[in-house]
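Chemist: Below is one structure. I have some questions about it.
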Ligand SMILES: Cc1cc2nc3c(=O)[nH]c(=O)nc-3n(C[C@H](O)[C@H](O)[C@H](O)COP(=O)(O)O)c2cc1C
C-alpha cells in the first residue's frame, strides 16, 4: 500500500466582513452583522470545508483609521470560547501578544480553551508592532523590535514550563484514600529571568494537546529565528513564488539548527482568493471591490507600513526616494520590506500600490477561476514554497463559501486535501506530535504544605 501523499493544510483567517479594506461597502456583505452568529456561521462554514483551523487576529489599540473601516469587536480568546461550543472538529487559533501580557495569564487561558474545545486551541504568538499599543499599557514607548523578540522567547520558555508543570496523570480522584491529585506529578517552575519571575505550577491541569499549537507570524530576521525555535506553524506574506521558496527553505533550515526536523514546522503563506466562473468574472469582482477603496484609508495604512506620512505625496507618483531603511522600522519589518520591494519591482505609483494592497495588505491575491486558484496552490505546495495556506477571504461570507464549495473539492479530487477529518485535535490536523510533559526538576508542590 502506498503512503498517503503529502497533504495541504488550510487555515481560514477570519476578519469581520473580509480582508478587502472596502468589503464592508460591497452589497455582498453586511457590516452591521458583527454578532457572535456571524462568526459561528463562518466557523461552521470552514468546518464544512474540513479546513484545519480558523484564525483571529488581534491588536491592543485601535489599529486602523476607524473612520473608513473597523474590523470587528471581539477579543479573540473570548470569541473562540464561544466558537468552541458551536463547532466540534476545526482548530481555533487566537492571537495573543507577548509584549503586553504575562506568561501565567496566557498559559492559563490557552490551557482553558484547549480543555473547553477538547484539544483544538492554537496561539498565534505576536510581539505587537504599533506604538499606540504601548500607550494602553502604562508605557510611553514601544519596546524596540529586538527586545520584543527576546521577551517573547523568555515568555515561551515560561508558558511551556507552566503547561508542563502538570503531568498528564496528576488527577487521580481516589475516593477511597481521599487523594484528589498526585502532587508528586505537579511541580513548580521556579523561573527567574530577565523579564519574568514565575513560581508556578499552573492552576489548570494539563490540557488535551499538552500545549496549544504554537503559531507565529513575524518574518524579519528576529522573527524567523523565533519561529525556527518555537513555532509549529508560520503565517507569512510572500508576493512571489521565488520569495516564498526562499522563506520556506530558510525557516526550515533554521529549525534544523535548533534540533528540529523540517516537518515539525508548517509554513503557511497568506492568499486572498477572488473567484469567478470565468477569469473575466473574477477580475470584474476584484474591480468592483477596488472601485470602493477610499484612498485616505489606504494611505494611512501604507504610511504606517513605510514609516513616513504619505499624505503630502502625489498619488500618481512613485513612493518617495528618501524612505527609511528596514533598520529604522520598529514596527513590522518584514511587511516594510515586502511593500517597498513590490512597489519598486513593478514600478507602481502610490495609487496603484494602494490598489495592490487593498485585498490582502501585502499577502498574495489570487484572482481567477477555481481551477486557476487550485493550480496556484498546488504549484506553491509542490515547489517548496508552502505546506499549506492561510486563506484570507476578501469578502465574507461569500469568498469563503466559494473557496469551500469550489476550490476545496478540486484539491480533494487531486488527492491534496482531506475529505474527512481524521484527527480530533488541532495538532492531529496539522500532523504534529503532542508534546510530552517534560518532568520538571524541583520539589513537588506538597513540600512545605502541612500534612
Ligand atoms: C498572517 C499574519 C497575521 C498577523 N496577525 C497579527 C495580529 O493579529 N496581531 C499583531 O500584533 N501582529 C500580527 N501580525 C504581525 C506579526 O506577528 C509581526 O508582529 C509582524 O510581522 C512584525 O514582525 P517582523 O518584523 O518580525 O515581521 C501578523 C502577521 C501575519 C503575516
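A Cβ is built for glycine as well, from the same backbone N, Cα and C atoms used for every other residue.
What TrEMBL records for this protein is below:
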BINDING   58, 95, 145, 149, 219, 220  FMN binding site
DOMAIN    25-385  domain 'Luciferase-like'
Chemist: Measure from the Cβ of residue 149 (FMN binding site) and count the other Cβ atoms within 10 Å, all protein chains considered.
Modeler: 20
Chemist: Across all the protein chains here, work out how many other Cβ atoms are within 10 Å of the Cβ of residue 58 (FMN binding site).
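Modeler: Excluding its own Cβ, residue 58 (FMN binding site) sees 18 Cβ atoms within 10 Å.
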Chemist: Taking the residues the record says bind FMN (58, 95, 145, 149, 219, 220), how far apart in Å are the two Cα atoms that sit farthest from each other?
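Modeler: Those residues reach a largest Cα separation of 19 Å.
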Chemist: For residue 145 (FMN binding site), what residues in its own chain, 6 or more apart in sequence, show a Cβ-Cβ distance under 8 Å?
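Modeler: Set apart from residue 145 (FMN binding site) by at least 6 residues yet with Cβ under 8 Å, we have 127, 220, 222, 329, 330, 331, 333.
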Chemist: For the binding-site residues 95, 219, 220, which one has its C-beta crowded by the most other C-beta atoms within 10 angstroms?
Modeler: 219
Chemist: Averaging the per-residue pLDDT over the domain 'Luciferase-like' (25-385), what integer do you get?
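Modeler: Result for the domain 'Luciferase-like' (25-385): average pLDDT 96.
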